[in-house]
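Remarks on the structure that follows.
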Amino acid sequence: MISVGAIYSVVYVLLLAFTLVLGGDIVHHDDVAPRRPGCENNFVLVKVPTWIDGVENSEYVGVGARFGPTLESKEKRANLTRVVMADPPDCCTPPKNKLTSEIILVHRGKCSFTTKANIADEAGASAILIINYRTELFKMVCEENQTDVDIRIPAVMLPQDAGLNMERHIKNNSNVSIQLYSPLRPLVDVAEVFLWLMAVGTILCASYWSAWSAREAAIEQEKLLKDASDDYANTENVGSSGYVEISTAAAILFVVIASCFLVMLYKLMSFWFIEILVVLFCIGGVEGLQTCLVALLSCFRWFQHAAQTFVKIPFFGAVSYLTLAVTPFCIVFAVVWAVYRHAAYAWIGQDILGITLIITVLQIVRIPNLKVGTVLLSCAFLYDIFWVFVSKWWFHESVMIVVARGDKSGEDGIPMLLKIPRLFDPWGGYSIIGFGDIILPGLIVAFSLRYDWLAKKNVRAGYFVWAMTAYGLGLLITYVALNLMDGHGQPALLYIVPFTLGTFLSLGKKRGELKILWTRGEPERPCPHVQEDSQSINHH
């Protein structure tokens with residue numbers, strides 16, 4: 001019931017701006033903070049489970065320092081150790097309280113981190129916890145003039161709220177004990193496997209639907225040709241009114257508009273802005289879910305009459321009874337997801353809305369030939385690399401990663417992503433993939449199947465199987481890179497585009513069909529005027 005124009009403008013620009021595979025960082029690589037002997041650790045996240053008077057309490061997350069020994073990675077090997085408050089709290093002078101291998105809790109400020117750690121070490125502490133004066137974490141580094149650092153106890157930074165909670169229990173004379181350890185992520189999490197299957201399966205379904213629609217339109221056109229119908233001129237673009245073709249100019253313009261939108265999100269990122277994105281996502285999700293449900297139910301003979309019977313509705317025009325019946329369910333589904341989107345199970349609703357939306361976009365938005373597809377994917381390839389990696393030089397952080405995670409918004413991230421919880425990961429979190437990483441290469445894959453069917457090519461002689469396999473391999477390599485980079489967000493199109501586009505171009509050139517694929521994009525069809533002329537000649 002929502003117009004194709006609305007889908008094109010809202011979805012194609014806003015949703016395709018997010019092209020990222022993210023697993024969540026554990027090791028925070030930093031090339032800015034200097035390294036030197038004794039001060040060369042990676043910044044790692046640290047688990048800090050607490051026990052109050054012997055009863056297990058909250059678990060906090062801190063970050064390890066550039067200096068000091070590395071922490072244990074196994075929970076069972078991490079000692080449960082009592083925590084005491086430093087006196088004075090800043091630990092810039094030797095503490096008055098005697099320490100016997102306890103962990104000392106101190107406040108940030110008044111002296112350097114290494115000074116605090118050295119004083120705590122000399123006082124007999126087994127580790128030092130430094131409370132930040134903000135809610136976020138801070139990377140603790142050595143002083144510039146320190147040439148040789150020899151700190152023998154681990155140092156961990158805690159966010160302000162966690163540190164103050166711990167301090168409050170200590171001041172209430174409670175016995176506070178903690179463990180310090182930094183567990184590693186598993187090499188492969190089942191979430192990544194399912195996310196890969198979801199992405200590949202979504203493109204597979206969308207490609208077959210797009211090819212089926214194109215073939216039905218071609219069959220209808222052939223019938224008109226055989227009948228030499230006078231109405232051919234009015235129907236020669238059968239099916240074209242139901243989809244939008246991307247031009248070369250639009251493919252280039254996409255990068256510009258998507259980049260502007262991404263910067264706007266980065267600058268205006270806030271709670272209310274995320275709420276606007278949620279509303280836009282729900283609008284697109286309702287359309288996607290409605291379109292897919294109507295198409296699916298229309299395959300069953302019980303619903304075919306309702307699908308083929310229409311009623312006129314102001315503004316929307318002719319709408320089938322089946323669409324009217326399905327739409328309220330889709331609206332309720334999207335509203336319920338929006339209301340409960342912070343629940344642990346909300347990712348299921350987000351993925352359902354996202355997948356149906358992607359399938360609908362791939363059915364509506366098409367590339368006419370390989371030339372447009374090459375321009376689009378090449379521009380998206382550069383766009384992805386720039387906003388994930390190069391943007392750090394100007395903004396001092398990756399714009400794409402910051403926006404995808406929803407930093408500074410108070411939310412878990414933007415909704416324009418498919419996500420699955422990391423089930424066997426000690427750090428939890430989600431594995432995510434941006435809509436653009438599915439839709440953009442999906443346009444090429446769907447084009448390949450449409451071409452195969454219209455050219456009546458079998459599986460071996462066609463392009464679809466090769467394009468689909470190349471996409472799957474490209475996405476697989478993306479996840480390999482993601483794990484090698486300790487979950488640091490990866491621009492998926494960096495790996496997917498060379499596989500998918502490179503395979504298509506190489507195969508087309510080898511088969512001598514690149515010119516047809518590049519310009520026309522579909523096989524020649526007989527012209528009705530030529531057919532009519534030949535019949536006229538034969539008659540005379």
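Note: Cβ is positioned from N, Cα and C throughout, glycine not excepted.
Record features, source TrEMBL:
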SIGNAL    1-23  signal peptide
DOMAIN    83-164  domain 'PA'
TRANSMEM  193-211  transmembrane segment
TRANSMEM  246-266  transmembrane segment
TRANSMEM  272-303  transmembrane segment
TRANSMEM  315-338  transmembrane segment
TRANSMEM  344-365  transmembrane segment
TRANSMEM  372-390  transmembrane segment
TRANSMEM  427-449  transmembrane segment
TRANSMEM  461-482  transmembrane segment
TRANSMEM  488-507  transmembrane segment
Cβ-based contact of the transmembrane segment (193-211) with the transmembrane segment (344-365), 3 or more pairs under 8 Å: yes
The transmembrane segment (246-266) vs the transmembrane segment (461-482): 3 or more CB pairs under 8 Å: no
For the domain 'PA' (83-164), mean pLDDT (0 to 100): 89
Beyond the flanks of the transmembrane segment (461-482) by at least 6 residues, Cβ under 8 Å: 21-23, 192, 196, 199-200, 203-204, 207, 437, 441-442, 444-445, 448-449, 451-452, 455, 488-490, 492, 494-500, 502-504, 507-508
For the transmembrane segment (372-390), distant same-chain residues with Cβ under 8 A (at least six beyond the ends): 16, 19-20, 246-248, 251-252, 254-255, 258-259, 262, 398-401, 436, 440-441, 443-444, 447, 489-494, 497-498, 500-501, 504-505, 518
Per-state residue totals over the domain 'PA' (83-164) - DSSP helix, strand, coil: 16 helix, 17 strand, 49 coil
